[in-house]
Each structure stands twice: as structure tokens, then as C-alpha cells.
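**Student:** I am attaching a structure below and will ask some questions about it afterwards.
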Amino acid sequence: MSKNLENHTYDSSARVSKEETYSQSNDENHPLGLSKTITSEKELEAEAAEAADLLKKPISQRIGIILICFCLAFGGFVFGFDTGTIGGFINMSDFKRRFGQKRRVAGSNQVEHYFTDVRTGLIVSLFNVGCAFGCLVLAKSMDLFGRKLAIAGAAVIYIVGILIQICSFKKFYQVFIGRLITGSAVGLLSVVCVAFIGELSPPDIRSLTVALYQLMVTFGIFLGYLINFGTNKNYTNSAQWRIPLGLCFLWALMLIGALFFVPESSRYYVEKNRIEEARDSLAVCNKLSKDDPAIQKELDVIIASVENERLAGNASFRELFQTKNKVFQRLVMGVVIMSLQQLSGDNYFFYYGTTVFQAVLKNFNGFQCSIIIGMVNFVSTLPALYIVSRFGRRNCLLIGSLGMIACLVVYSSVGVKRLWPDGYSDNNPPTSKGAGNCMIVFTCFYIFCFATTWASLAYTLCSESYPLRVKAKCMGIATAANWIWGFLISFFTPFITSAIRFAYGYVFMGCLIFSFFFVFFYVPETKDLSLEEVNELWMEGVLPWKSTSYVPKDRRKADYDATLATTDTGKGFKRFF
């Protein structure tokens, strides 16, 4: 750390304004060695833009760094594979025989094995509890030990959790413990892998490489469905579920092996004052000489950014509730958006898809339907990057909500009114195959709407909205809200579906109606805005429904009227359009 920072003191309410100086001289007293003076946050953004221009290359010359980021995105595959397999496990005969309970079939002497709603909910949802713990607590290891060691540690924890599950014979609580441990590993991976990819990627392809993580999540879900289908069809013993679990060892070992080809984060090296190693890492990622001027400029930006964060210090939780600088308003927005992502109902289909479709079509294999959903989810993720960059965050969220509302109306109405025309019965299959087919089709439309909008946009929007000083805490709280709702939905879904069946879709539809109005009245557009410009937008009080016409101060022409975006003189509904 530089000497002026070592001697710098500030109280807990200190702020780093956009005009604050965090410049450092390139002399013997400055071990970080900036090549030039950077005097404000705006200048830092200008330097970052200039560095990005210098580092730009054709995509054909970026294959190396894309492969490196693909290795890190494999952490998302691990998460997706668990999501894709667990819903199938609770429908496999051997898994139910070992960890379920017995009951006598009505009207016969036969005994069947089944899961109670409580046990089903816990097996699925405890994973989310572990994820929340890994995300909030274990993620600190990435700053203490580095990104690579944190990922390796997560892989080892994951192996331990899988080992506990695969060695389970009759004790259901052993599965619970294993699920908690694997969840904590996945929670850690979800934080470290995304941050690591963002730090390694050159600016001109960062959005593409970060999108690889979500793509790998969807591929993991799809492959999990496929493997479940194969093992359930070909085995009747514990191989049904032990083979998918055993493959998880391979995924963890592949992730560890991939780390040998990945350089450590240059940002981590700068944080530890290991500047030459940071320079080497940047050179490898950009395929340039470490003496190249573009490498020095990018290094200057990273150093200045780290210095800025050191000056900003750690925000207290009290600061998160301040309304004058709009931090509390943004925190509320982030928590609600992350909660609504779960309340859209996606995990109802991803976790319980096999169960749902076995109920929809008794004579059709629910595992096959899950494969269809997984494929739609994976394919729909591919165009998501273009759609978001073309139409903006706000518009995509609004359109996504409307699309999912329409799909759930049809899905639930057909399920409630047409699937069992003579009334629901556990012992009778649905009497309308056409109704079942209709429900599956609209489920696929729903998955398409979710995958192209809310799936990745919730995280993107939150990451763009918070000031630097409070960003870590705000993102932690918003992400925790997402995991908590994931747990609640996963746990209570069996109880709710037992009580109201397919009318459950109306619950998610109601949440999506709320999401549409919340986004319309509360969420501003942040497309093509820097972090500083997003902060200006909030501080100027721009009306969300007029934010698409907002122009930042540095880009305004003489005839621009700033009051047009902050006031509304229209009457009735006309004021919003």
C-alpha cells in the first residue's frame, strides 16, 4: 500500500466523491507505480475507456482468453447439473425406496414408497441454504487466498458433499447434510467464478465471457435431465441416482484441472501489491508483451481503482439505509428484483419439472418432458445477450413479465379446468391428453421468456446500480434475498401443489403482475451508462418511465432540457407514455 494511504485516516461516514483525488505519483515511495496521475473517478472512467480501445482485437484473436473464461464458467455447469438432477432423484424408484417412506396402496395389499412433502421440500431446498452460506460467508476467501485457490477449495468442499450423498444407504438425513455442503460450495463458486471472469476478460468481450457462466448453467441443467433419463430407463437399483452423483466427482476434478491453465486475477495481485505478477497476468490474458503500453494503461486503471476502494473504506450497514444519496432506494430495488426473479416460478419447473409432467401426462415419461424444458432453456440463453444489448434492461424485464404472465394463465387454466374434466383423483390419470400437451407447450414458451430476460438481467441490473462504497454489501443482501426465496419456494412447493395443484401457477402469475408494475414505476434504464452516470441518474431523480430518454451531463447538448426526465405534467395514464 502507498505511504499516503498508510497515513490516511477517515471516519466511518467518509465518502469518496466523484471529484475526490486518489492520485499517486510514480516515485520510489509508491510501490504500486502508476505511470501517470489519475485525479478523479471520471478521469478513471476515461482512462478505462482509453485502455479498452487500446486492447481491442478481432474476436478471432480472443480465442485464448475465451477458452480461459470457459474453464471458469464450468463452475456454472456444476450448479446447473445439480438443479437438473435433483428433481429426477425424488422420482426414481430406488431413491424413494431408500430414503422415502412406506404406505399401503388403497384397495390392495401392495406397499409403495413415497416422499412426504416435508422430506421432498428439504431434499431440494437445503441446497439453497448452503448456497446462501457459501455466497455470504465463504466468498470472502477469494480476497484472502486468491480466486484460483477459492475455486479449488470450493471444488474440494463439493467433492466432500457428493461423497456424503453417494455413500448414503438408508438415512435420509445423510442426504440432507450432503446437500447443505454441496450447496455451500456452489454458492462460493457462483460468486468467485463470475467475479474472476469479469476481472480476466478484456473490456471489449467482457459481456460475452460473463454470459458464458449463465450459458453453462443452462447446459448443466440440460445434461442433468439427459443423464437422469438414461439412468432411470436402464437401471432399477441405486445406479439410477449414484451414476449422476458419481459424475459430479468428474466435474469437480475437471474444474480443478482447468485452473492450471488459468492465470490468477491481476486485480488480486494488485490488492496484494504484487504488481509485476499483475502485469504478467494482463499480458497473458491479452496476448501482448508485458511492456506493451496498452498493458501499462490497463494496469494503471486497476491500480487506481483499487486505491479508490481503499480510500472509500468499508461502509457500515447504517449507510445502507440513507435516503439522501438514494442508497436505500437502490437497495430496495435490488432486493425486490432478485426476489421477483425467484417468484417468477422458474424453479417450480426446473426443480420439480419431472414431477409436474408425470402428473400432467400419466402415460408419458416425465423425464422426457424435462429434457425438452432443459433444451429450450439452453437454446434460449444463446440469443439473450443480443436481446438485452439491443432492447435494454428495463424493456426486456417488462416484456419478459408479460410473456410469462400469458404463459402461466394458459398453463394454470388448462391444468385446473381441462386436464381432469371430471375432477382430480390420485388414482386416475388425466383424461385429456390434449390439455397435457398444451400445458407442456406453454411451459416451453414460459422458459423461453424467462431465459431471455429475467434469468440474467436481475444480476446485471443490480451490479450496475450501487455506488462503489456500498456495492459489496448491497449485492450481498440482494443475492441473499434471491437464495432465501429459492429455499422458500423449493421447500413449500410440494405442500402447495398437494393442496391446489396447477392453480399454483396463478400465484406466480400474481407475482409477475406485480413485477411488471414494479419495474415500470421503480426501475430505471441503465443500458449504455457508466457506473458514475447511473449514480447521476438516481441523484437527479429521473422518473423510471422517462429514463430511456435520459442523457448524462457529459453528453448533453445545449438544447437538452433536464427537467423533461425528472418531471411529468401529463394527466392520467398519458403521463406515463
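Note: Cβ is positioned from N, Cα and C throughout, glycine not excepted.
Unlike curated records, TrEMBL annotations are generated automatically.
Pulled these from TrEMBL:
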| type | residues | note |
| --- | --- | --- |
| DOMAIN | 68-527 | domain 'Major facilitator superfamily (MFS) profile' |
| REGION | 1-34 | region 'Disordered' |
| TRANSMEM | 65-90 | transmembrane segment |
| TRANSMEM | 149-166 | transmembrane segment |
| TRANSMEM | 172-198 | transmembrane segment |
| TRANSMEM | 210-229 | transmembrane segment |
| TRANSMEM | 241-262 | transmembrane segment |
| TRANSMEM | 364-388 | transmembrane segment |
| TRANSMEM | 395-414 | transmembrane segment |
| TRANSMEM | 434-462 | transmembrane segment |
| TRANSMEM | 474-496 | transmembrane segment |
| TRANSMEM | 502-523 | transmembrane segment |
**Student:** Grab the same-chain neighbours of the transmembrane segment (502-523) for me: Cβ-Cβ under 8 Å, and only residues 6 or more beyond its ends, written as numbers and ranges.
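**Tutor:** Answer is 333, 336-337, 340, 343-345, 348, 393-394, 397-398, 401-402, 404-405, 408-409, 411-412, 414-416, 419, 439, 461, 493, 496, 544-545, 576.
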**Student:** Can we call the transmembrane segment (210-229) and the transmembrane segment (395-414) in contact, meaning three or more C-beta pairs below 8 angstroms at a sequence separation of 6+?
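**Tutor:** The transmembrane segment (395-414) and the transmembrane segment (210-229): touching, no.
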**Student:** Tally Cβ pairs under 8 Å between the transmembrane segment (364-388) and each listed stretch (65-90, 172-198, 241-262, 474-496), then give the stretch with the top tally.
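**Tutor:** So the stretch in question is 65-90.
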**Student:** Looking at the stretches 172-198, 241-262, 395-414, 474-496, which one shares the most CB pairs under 8 Å with the transmembrane segment (434-462)?
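**Tutor:** The listed stretch sharing the most Cβ pairs with the transmembrane segment (434-462) is 395-414.
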**Student:** In this predicted model, what is the average pLDDT of the domain 'Major facilitator superfamily (MFS) profile' (68-527)?
**Tutor:** 87
